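This report concerns only the one structure given below.
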Amino acid sequence: WEFNGSFYQPSAFLMMGIPGLEALHPWISIPFCALYLTALLGNCVILFIIRRTQSLHEPMYYFLSMLAVTDLGLALCTLPTTLGLFWFNVRRIGFDACLAQMYFIHILSFIESSVLLAMAFDRFVAISHPLRHPAILTKSTVLKIGLAIVLRGMVSLLPIPFLLKRLTYCGKTELSHSFCFHPDIMNLACADIKVNVFYGMIILLSTVGMDFIFIVLSYILIIRTVVSLTTKEECLKALNTCVSHICAVLVFFIPMIGLSMIHRFGKNVPPLVNTLVAYTYLLIPPALNPIIYSIKSTHIREALLRALRRKRG
C-alpha cells in the first residue's frame, strides 16, 4: 500500500480475539460471559444496597457507588464488541465508532483511578482525623470531588480522538484486541506519531501516575497514624477498614501498569500475553470489586443479607 504522501483514513478497523485460539472463541466466551454477568449484577447490587440502606449514606459508600458506576461503564463499553466477536465473529468496527469506544474506555479508566485516590483520602481522614471526618467530607464536598474527577478525565482525554483523526493510516487495519485502545490504533498509522506518544505519556503520568503516587503517600500516612495507636485491637480495626480498598487498588493498577509497559516497550512480547493482560485490565476489576467489598465490608454484607431475608419473607 503506497499513498504517495496523500491522506488516508480507513472506514473501519478489524478487531482480533485471542490470537491462535480463534477456533475456540465460542468456548472462550463462556468465562467472559461469567465475568460480564458478575460485573453487571455485582455492581448493580452494590448500588441498590447503598441506595436502600440509610446507614450507608456516608462518604466511604458514596465513593464506592462512584466506583460501581465506573465499573459498570467499563463493562458495558467492551461487552458488545467482545461478545460480538466471540459469538458471531463480528470483527469490523467503524473508524469513528472505534474512536468513541476508545475515548470512553480511557475516560472510565482515568475516573476509576481518581475514585480510588478519593477513597484513599477518605480512609486517611477517617483514620487520622475521625472527629473531623464528617465536617471535611460533607455530601456537597463529595459531589464536588465526583464532578472534578469526571471533568478531569473528559478534558484531559479530549484531544486524543482528534490527534488520531489527523493521522494517515497504512493498509494494516487489524487491532490487537476486541476493543479499541489508543496505543493500538496509534501504531497502525504510517505518519509521525511522536505527538500522540508524547501527549499520551504526559496525560498518563499526570493523571493515573500521580493518583498512584498519592494513594501510596496516603497509606504511608495511614500506617504512621495506625502505628501510633495504643492497642493492637485498634490497629487491626483501623487497618481492616482499608483491606477492601487496597485489594481494589492492586487489582486495577497492576494490570494497567503492565499493559502500558507492554504497549510502549514490549515490542517482542507474544501477542497472547498482550491480549490476556488487556482483558485482565478491563474485565477483572469490574467483576472483582463488588465481590471484594461484599466479602470484606461488614456493613455491605449485613445490608445484603437483610435485603435477601426481606425478599424471602
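Even glycines carry a Cβ here, placed using N, Cα and C.
These features come from TrEMBL:
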{"type": "DOMAIN", "residues": "42-293", "note": "domain 'G-protein coupled receptors family 1 profile'"}
{"type": "TRANSMEM", "residues": "24-50", "note": "transmembrane segment"}
{"type": "TRANSMEM", "residues": "62-88", "note": "transmembrane segment"}
{"type": "TRANSMEM", "residues": "100-121", "note": "transmembrane segment"}
{"type": "TRANSMEM", "residues": "142-164", "note": "transmembrane segment"}
{"type": "TRANSMEM", "residues": "197-222", "note": "transmembrane segment"}
{"type": "TRANSMEM", "residues": "243-264", "note": "transmembrane segment"}
{"type": "TRANSMEM", "residues": "276-295", "note": "transmembrane segment"}
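Tallying C-beta pairs under 8 angstroms between the transmembrane segment (276-295) and each of 24-50, 62-88, 142-164, 197-222 places 24-50 first. Nonlocal intrachain contacts for the transmembrane segment (243-264), taken as residues 6+ away from its ends with a CB within less than 8 angstroms of a stretch CB, comprise 67, 109, 112-113, 116, 119-120, 123, 181, 183-184, 197, 201, 204, 208, 212, 215, 219, 273-274, 277-278, 280-281, 284-285, 288-289, 292-293, 296-297. Counted over residue pairs 6 or more apart, the CB atoms of the transmembrane segment (62-88) and the transmembrane segment (197-222) come under 8 Å in fewer than three pairs, which marks the two as apart.
For the transmembrane segment (24-50), the residues of the chain that approach it from at least six positions outside its boundaries are 17-18, 56-57, 61-62, 64-65, 68-69, 71-72, 74-76, 79, 82-83, 85-87, 89, 279, 283-284, 286-287, 289-291, 293-294, 300, 303-304, 307, judged by C-beta separation under 8 angstroms. Using a Cβ-Cβ cut-off under 8 Å and counting only residues 6 or more beyond its ends in the same chain, the transmembrane segment (100-121) has close neighbours at 60, 63-64, 66-67, 70-71, 73-74, 77-78, 81, 93, 145, 149-150, 152-154, 156-157, 160-161, 164, 179-182, 185, 207-208, 211-212, 214-215, 218-219, 245, 248-249, 252-253, 256, 282, 285.
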